[in-house]
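What Swiss-Prot annotates here:
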BINDING   R47, G48, D106, D107, L108, V109, D110, T111, G112, K113, T114  5-phospho-alpha-D-ribose 1-diphosphate binding site
BINDING   D107  Mg(2+) binding site
BINDING   D110, T111, G112, K113, T114, W152, I153  GMP binding site
BINDING   D110, I153  xanthine binding site
BINDING   D110, I153  guanine binding site
Amino acid sequence: MGSGAEASVAERRPFPVSWDQFHRDCRALTWRLNAVGPFHAVVAITRGGLVPAAIVARELGLRVIDTICVASYAHDKQGELQVLKGVSEQTAALGGGTGKGLLIVDDLVDTGKTGRMVRDLLPDAHFATVYAKPKGKPLVDTFITEVSQDTWIFFPWDTGLSFQPPLKDGAA
């Protein structure tokens, strides 16, 4: 995720999120978004935004879901951003070309680099994330849980069930 003086993955605070907790957090996000809408469509930032976008779209009753693919992570290192796939012309037209009435959803805003790039493409869209870190938080319109910048979130789709040693044995 980071480079240089930033903490390595091993030095970060682990924050495991279960499927149940993630679903509850997405529903809480939707509850907040309900007061902000209405929205014409959901735009998921792939890949992390796919699952929360599906939950949010269901809860808001939205059927139009599009994706924007911005790549910044290679395993545990954060690199240069690239838009690998933009929103469709149909979705962009729903937002008048500026994103008005579109809801951008991602799992997390970290440094804000991805959010800035998407904001540049859809400046009038509403940007929502489930989790937010301090550096990226100013870019997000709506989020549920703030975590510290040195936190590494383990999302349920990135983890498997395995034995965890007790904390007294030096487990993180």
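Please read every residue number as a count from 1 along the shown chain.
The backbone N, Cα and C atoms fix where each Cβ goes, and this holds for glycine too.
Here the features listed in Swiss-Prot are placed on the structure.
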residue: R47; record: 5-phospho-alpha-D-ribose 1-diphosphate binding site; DSSP (3 states): coil
residue: D106; record: 5-phospho-alpha-D-ribose 1-diphosphate binding site; DSSP (3 states): strand
residue: T111; record: GMP binding site; DSSP (3 states): coil
residue: W152; record: GMP binding site; DSSP (3 states): strand
Legend entry - For the binding-site residues T111, T114, the one whose C-beta sees the most other C-beta atoms within 10 angstroms: T114
Legend entry - Cα-Cα distance linking I153 (GMP binding site) and D110 (5-phospho-alpha-D-ribose 1-diphosphate binding site), given in Å to the nearest integer: 10
Legend entry - Rounded distance in angstrom between the Cα atoms of G112 (5-phospho-alpha-D-ribose 1-diphosphate binding site) and I153 (GMP binding site): 16
Inset, instruction - Find the shortest Cα-Cα separation between W152 (GMP binding site) and the binding-site residues R47, D106, D107, L108, T114, and name the residue that gives it. - result: L108
Inset, instruction - Let me know how many other Cβ atoms fall within 10 Å of the Cβ of L108 (5-phospho-alpha-D-ribose 1-diphosphate binding site). - result: 23
Legend entry - Span of the GMP site, taken as the largest CA to CA distance across D110, T111, G112, K113, T114, W152, I153 (Å, rounded to a whole number): 18
Legend entry - Cβ neighbours of R47 (5-phospho-alpha-D-ribose 1-diphosphate binding site) where a neighbour is any other Cβ within 10 Å: 14
Inset, instruction - Give me the non-local Cβ neighbours of the residue listed as 'Mg(2+) binding site': same chain, 6+ apart in sequence, Cβ-Cβ under 8 Å, ordered along the sequence. - result: G48, G49, V51, P52, T129, V130, Y131, I153, F155
Inset, instruction - Let me know the largest Cα to Cα distance in Å among the 5-phospho-alpha-D-ribose 1-diphosphate-binding residues R47, G48, D106, D107, L108, V109, D110, T111, G112, K113, T114, as an integer. - result: 17
Legend entry - Under 8 Å by Cβ from D106 (5-phospho-alpha-D-ribose 1-diphosphate binding site), counting only residues of that chain that are 6 or more apart: A44, I45, G48, G49, P52, T114, G115, F127, A128, T129, V130
Legend entry - For D110 (5-phospho-alpha-D-ribose 1-diphosphate binding site), the number of other Cβ atoms found within 10 Å of its own Cβ: 26
